[in-house]
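Below you'll find the structure, written out as structure tokens, and then a few comments.
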Amino acid sequence: MNAEKSPVAHNVDHAEIAKFEAVASRWWDLDGEFKPLHRINPLRLGYIAERSGGLFGKKVLDVGCGGGILAESMAREGATVTGLDMGFEPLQVARLHALESGIQVDYVQETVEEHAAKHAHQYDVVTCMEMLEHVPDPQSVVNACAALVKPGGQVFFSTINRNGKAWLMAVVGAEYVLRMVPKGTHDVKKFIKPAELLGWVDLTWLKEQHITGLHYNPLTDKFKLAPGVDVNYMLHTTAKND
């Protein structure tokens, strides 16, 4: 048997997958390791739904869906949702939670590049939240997301800027001081400057529509979307019409 890896198998970081597999059983614990994701999800969902003109009746792909927090919430909005992830345990948790909640989401274990090879231009909306900084080749993910969306469709990315403030806030602050996420969750070398992400987007048929920052105030313990992309940020793009 040929032992060579497939052309897209390189874009999997098994150490990153192992991090999330280890805590997958607590994905839906509102006070556990994924508490920040639960808290920012209404902001993410609201941004995606508003800028997509609503999600009802739309075919949506959630890339790097993990345990299904965003995927389920989009399905509750009336979307037909597919969730992609390479972690077996997070997907098992996602499937069980969807079953218990009476929510229909199709969860698939494969890379976004593999999915794009089989489902090009099939989705109205593609989301890729907090995933780009966990893969070896984020540009490949951007390209695959662009290939999956229909003409005129929406693609959303979120990630973390790469600078001193982002390291201080997302690594030192979130992991070691406030202990909002487990130590070792983030690697500052994998953070992505907005100019880099926009450069990759410009090489596809996607066009930037809007960019916003996701901000946390430790004094009020509140998250909000607002201008300023020096730490966490979200990008909305659209695919050109034929």
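Placed from the backbone N, Cα and C atoms, the Cβ positions cover glycine too.
Note that the structure is a prediction, hence the values are computed from the model and not measured.
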Query: If Swiss-Prot says R44, G64, D85 bind S-adenosyl-L-methionine, which of M74, M129 does it name for the same site?
result: M129
- request: Measure from the Cβ of D85 (S-adenosyl-L-methionine binding site) and count the other Cβ atoms within 10 Å, all protein chains considered.
  value: 26
